[in-house]
């Protein structure tokens with residue numbers, strides 16, 4: 001970003017009082033227009049900044065990963081003094097009051113910023129004007145080849161006094177600053193891929209989700225999330241299961257990799273949220289504290305089944321099936337092929353075919369929805385670095401072909417890819433390399449549905465802003 005700092009005695013940045021009156025009037029008019037434009041930008045930036053801060057306060061690591069310069073820029077936009085150490089700036093942002101529904105905090109911050117700007121203008125006017133050109137007030141940078149005119153008002157630079165120097169910032173630069181902050185706080189809005197193809201775009205849930213359904217259209221809303229240890233998630237001060245339920249207002253929540261033991265289930269159920277009276281949990285018995293799935297619903301199902309009914313597959317707590325009036329819902333956690341691909345053969349020759357056959361058997365009576373961590377990035381668009389992961393679990397050609405032949409080719413639809421055929425979106429980012437901060441991830445989590453109900457899917461989406469796990473939640477809205 002270009003940012004010009006020039007001292008008041010710099011000879012090339014001087015506009016003297018001896019210049020024509022007409023040019024001075026042009027400058028005044030330009031500054032007035034710029035001031036109005038800048039004020040509207042400031043108000044919008046402050047409002048956006050509150051949203052950004054709310055998003056990142058749920059994950060303090062994001063704040064600590066920002067540079068001091070970035071933190072100061074963010075604090076200025078909401079009217080917080082941008083002084084002190086990095087720790088002081090993070091503390092100030094974390095303690096910022098929430099923005100109310102009436103937007104009072106935003107308005108107050110905007111007013112404070114505007115007051116500072118007016119104060120700066122008064123300071124600028126108070127600077128002495130000397131006949132000597134080198135001591136003249138700096139109005140704008142004017143060269144012999146470029147005079148300010150009404151036709152070039154958009155290029156006029158606003159000035160703000162900072163000590164003995166003048167900071168010069170164009171309107172365009174203000175917009176760029178805002179975009180850079182948003183990109184840093186919402187990395188998924190940046191197209192992150194080693195070899196992007198023509199037409200690919202980053203998935204942005206703020207702009208790419210359809211409008212809500214009208215109230216007279218019956219629907220069900222599903223959320224699915226690999227929590228990577230439910231106990232650890234619930235201990236996080238930055239996470240609230242109740243707040244997630246209130247924000248998303250889902251009917252059914254499917255969880256994977258709960259890592260619970262059977263003796264812990266009742267205790268955990270009591271710490272979740274009210275109104276979801278039907279919950280079904282299955283835990284690994286072959287390896288304690290491993291795998292585990294659950295479905296929590298405020299709609300009572302007709303029936304429930306655990307596992308595939310095959311002993312060799314059912315000791316790790318990987319599957320729960322609920323029957324509703326119009327469909328079956330399967331919450332699943334597909335086995336990872338593991339380090340060295342030690343379980344690859346089991347995965348593609350036993351598990352995948354068995355799950356596929358189970359789904360087709362259920363489909364004989366009702367459509368089927370399969371959701372969860374399916375541990376496969378199906379196409380190159382679904383992984384940041386396809387070339388570097390050809391033999392990595394989750395992206396081997398064997399797993400991708402198995403995903404295609406056992407599920408997609410048998411009539412089950414990848415709802416997100418159907419809705420967003422060219423969107424680069426990820427649901428998993430490894431902790432090891434901090435992939436979430438740079439959006440270097442994998443799309444491993446899915447909602448697959450029977451072809452017969454694919455057109456009833458109103459929205460299939462990802463919630464990349466929800467943190468607490470190395471996966472993000474995914475959602476589905478189905479018209480009934």
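A Cβ is built for glycine as well, from the same backbone N, Cα and C atoms used for every other residue.
Residues 96-129 are the range that TrEMBL records as region 'Disordered', among 62-95, 96-129, 130-163. Long-range neighbours of residue 333 (active site) (same chain, six or more residues apart, CB within less than 8 Å of its CB): 226, 256, 257, 291, 292, 293, 318, 319, 372, 373. Rounded to a whole number, the distance between the Cα atoms of residue 375 (Mg(2+) binding site) and residue 471 (active site, proton acceptor) is 11 Å. Using a 10 Å radius centred on the Cβ of residue 471 (active site, proton acceptor) and all shown protein chains, the other Cβ atoms total 23.
For residue 375 (Mg(2+) binding site), the Cβ neighbour count at a 10 Å cut-off comes to 23, with all displayed protein chains included.
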